[in-house]
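Undergrad: This is the structure, below, for whatever I ask next.
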Amino acid sequence: MSTEFDLIARYFDRPAPPGYLGVGDDCALIPLTPGHRLATSTDLLIQGRHFFPDMDPRALGHKALAVNLSDLAAMGARPLACLLGLSVPSVDHAWLEAFAGGFHALAQRAGCPLVGGDTTRSEGGIAISVTVMGEVPPGDALRRSAARAGDDIWLTGTLGAPDVALRLLQGRLPPDERLLAGTRRRLEWPEPPLAFAAALAGIAHAALDISDGLVQDLGHILKASACGAELDYAELPVDEALAEAGLADELIRDAVLAGGDVYQLCFTAAPAERARILDLAGHMAQRVSRVGRILAAPGLRLRHGDRAVALPAQGGFDHFS
Ligand code: ADP
Ligand code: MG
């Protein structure tokens, strides 16, 4: 028999960095840089809704933290620490070992140590709640409301692969081993561009991470900034795995424009910053694409070269629609 405290000691209690007080007391203590703001965000992952019951637990541990680090990246914040709330129906040591392994590996790489949490038994499936904390100088935070007419719109990484992997796993696309092998990693092992995002401080205006689909998420920037935008479909970074699989154009378009689970950045910056952004991306081996521009007139327009293109009817993911 394992007690709750055995589980915590074995899987979650890790030495905290110098200056920190980690797992084991009533609260964790985290050193802060004077003058910075605390940036904090939380995400809940529920079995059956956000992940399949048989998902590789190591990938799940990674993803539970990655989706939260993505929010810090989108704010331009540097990670400080994270908290983990975990509810499991039973003690499965192999599962816990792998889950904690995936979680701690990313936490260490991202400089975001696990400093506390809560562990309970659940009556249903597994529920995972991660809270991240980071810091950012107040003037450097990449707010959604900071886009300006004339800004370029940029994306990191590629689009569409997580959505296609999800469709394959849900049986909404005919089985295709090769395509699944080419897309699954993007769904289960997202890598938010943390270092690049932090380097955008003082360069980018607005930013957010694409979790619910490009069209819907860009819409949040447009609403918060009271402006419109034009996207050029020809410039969108379609994931190579999709382009090579001979999928129908319409399916690719839906996956690219409305597919969620991307955890890459959409950001805006003045055209005068183009060279600096490309230079930075080159040095950091970060893929970036300039895909459109912010307009004063409200609304989102999509074109393909000189042709206007209709936006997908279903713009992105909504838990309650
Ligand atoms: P409390 O009674 O104050 O809620 P707990 O007994 O729940 O504390 O937890 C004991 C210690 O273990 C605390 O420092 C808590 O933050 C930590 N902890 C509990 N669960 C986790 C977890 N899943 N991951 C990391 N730390 C955890
Ligand atoms: Mg507790």
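Our numbering is plain: 1 for the first residue shown, then up by one each step along the chain.
In case you wondered, yes, glycine gets a Cβ from its N, Cα and C as well.
A TrEMBL annotation is a machine prediction, not a hand-curated record.
So TrEMBL says this about it:
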type    : residues                       : note
DOMAIN  : 24-136                         : domain 'PurM-like N-terminal'
BINDING : ASP26, SER41, ASP71            : Mg(2+) 4 binding site
BINDING : ASP26, ASP71, ASP209           : Mg(2+) 3 binding site
BINDING : THR42, ASP43, ASP118           : Mg(2+) 1 binding site
BINDING : ASP43, ASP71                   : Mg(2+) 2 binding site
BINDING : HIS50, ASP261, PHE317          : substrate binding site
BINDING : GLY117, ASP118, ARG144, SER211 : ATP binding site
DOMAIN  : 195-303                        : domain 'PurM-like C-terminal'
BINDING : ASP212                         : Mg(2+) 5 binding site
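I'd like to know what surrounds each of these features in this structure.
TA: Within 10 Å of the Cβ of ASP71 (Mg(2+) 4 binding site) there are 21 other Cβ atoms, across all protein chains.
Following the DSSP three-state reduction, the secondary structure of ASP26 (Mg(2+) 4 binding site) is coil. Neighbour list (ASP26 (Mg(2+) 4 binding site), Cβ cut-off 8 Å, at least 6 residues apart, same chain): empty.
Just so you know, the Cβ of ASP43 (Mg(2+) 1 binding site) picks up 19 other Cβ atoms within 10 Å once every protein chain is counted. ASP43 (Mg(2+) 1 binding site) carries a strand DSSP state (E or B).
Sequence-distant contacts of HIS50 (substrate binding site), defined by Cβ-Cβ distance under 8 angstroms and a gap of at least six in the same chain, are LEU44.
Using a 10 Å Cβ-Cβ cutoff, GLY117 (ATP binding site) registers 17 neighbours. DSSP assigns GLY117 (ATP binding site) to a strand.
Mean per-residue pLDDT, taken over the domain 'PurM-like C-terminal' (195-303), amounts to 96.
Other Cβ atoms within 10 Å of the Cβ of ASP212 (Mg(2+) 5 binding site) number 21 in total over all chains.
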Undergrad: Would you find the one among the binding-site residues ASP118, ASP209, ASP261 whose Cβ has the most company, meaning other Cβ atoms within 10 Å?
TA: ASP209
Undergrad: Ranking the binding-site residues SER41, THR42, SER211 by other Cβ atoms within 10 Å, which is at the bottom?
TA: THR42
Undergrad: Relative to ligand 2, which of the binding-site residues ASP118, SER211, PHE317 have a Cβ found under 6 Å from one of its atoms?
TA: ASP118
Undergrad: Identify which of the following binding-site residues, namely HIS50, SER211, PHE317, place a Cβ less than 6 Å away from any atom of ligand 1, and list them by sequence position.
TA: none
Undergrad: How many whole Å apart are the CA atoms of THR42 (Mg(2+) 1 binding site) and GLY117 (ATP binding site)?
TA: 12
Undergrad: How big is the Cα-to-Cα gap, in Å, between GLY117 (ATP binding site) and PHE317 (substrate binding site)?
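TA: Just about 29 Å between their Cα atoms.
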